[in-house]
Amino acid sequence: MSVANSRIAVYPGTFDPITNGHIDLVNRAAPLFERVVVGVAYSPSKGPALPLERRVELAQEALAAHANVEVRGFDTLLAHFVRDMGAGVLLRGLRAVSDFEYEFQMASMNRHLIPEVETLFLTPAEQYSFISSSLVREIARLGGDVSGFVPASVVDALRQVRESRAQV
């Protein structure tokens, strides 16, 4: 078991896809920590639009400006991933009060599983507070413009998904 280091934070999620809200959170967290690991969860039960490898690539492209940010995919229990990374902080984003109940429950469970790790909540800048990956996927699936919510590489990836499904 690794020793928890409070200068290392893990920011987990499915990032299906990564949004400008996620990027904003990492942009604000990166100066606070020696290292931020963006953990891209496999999450097959969520039926992701993009495969894990592609979600990792898109996150790496979007966050490449940060020398202290690393993007890694994982398919294990989050508590195990956090320990493997040696992190002492688990970062979570709160967009609205509606996120709080779920996030509070998750933080409580994680406190039991990894008591040496603190959960830290960050809120996005106001202009990103309404963006969610699920809304972005739905807008893209229906042919809407998501360019204001995600990086250009994600717009292209979602367009490719839509086109490939249209051919089936």
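Any Cβ shown, glycine's included, is placed from N, Cα and C.
Every protein chain considered, the tally of other Cβ atoms within 10 Å of the Cβ of LYS46 (substrate binding site) stands at 12. What Swiss-Prot lists as substrate binding site is THR14, LYS46, LEU78, ARG92, and the listing cites sequence analysis.
Residues annotated as ATP binding site in Swiss-Prot: THR14, PHE15, HIS22, GLY93, LEU94, ARG95, GLU103, TYR128, SER129, PHE130, ILE131, SER132, SER133, SER134. Of all the Cβ atoms in the protein chains shown, 16 others lie within 10 Å of the Cβ of SER129 (ATP binding site).
All chains included, 23 other C-beta atoms sit within 10 angstroms of the C-beta of HIS22 (ATP binding site). DSSP assigns HIS22 (ATP binding site) to a helix in the three-state reduction. The site 'Transition state stabilizer' annotation in Swiss-Prot covers HIS22.
The ATP site in the record is lined by THR14, PHE15, HIS22, GLY93, LEU94, ARG95, GLU103, TYR128, SER129, PHE130, ILE131, SER132, SER133, SER134, and its two most distant CA atoms lie 18 Å apart. Taking only the Cα positions, the spacing between THR14 (substrate binding site) and SER133 (ATP binding site) is 9 angstrom. DSSP assigns ARG92 (substrate binding site) to a strand. Looking at SER129 (ATP binding site) and LEU78 (substrate binding site), their Cα atoms lie 25 Å from each other.
ARG92 (substrate binding site) has GLU103 nearby among the binding-site residues GLU103, ILE131, SER133, counting only those with a Cα within 10 angstroms of its own Cα. Each of the binding-site residues THR14, SER133 was scored by other CB atoms within 10 A of its CB, and the lowest score goes to THR14.
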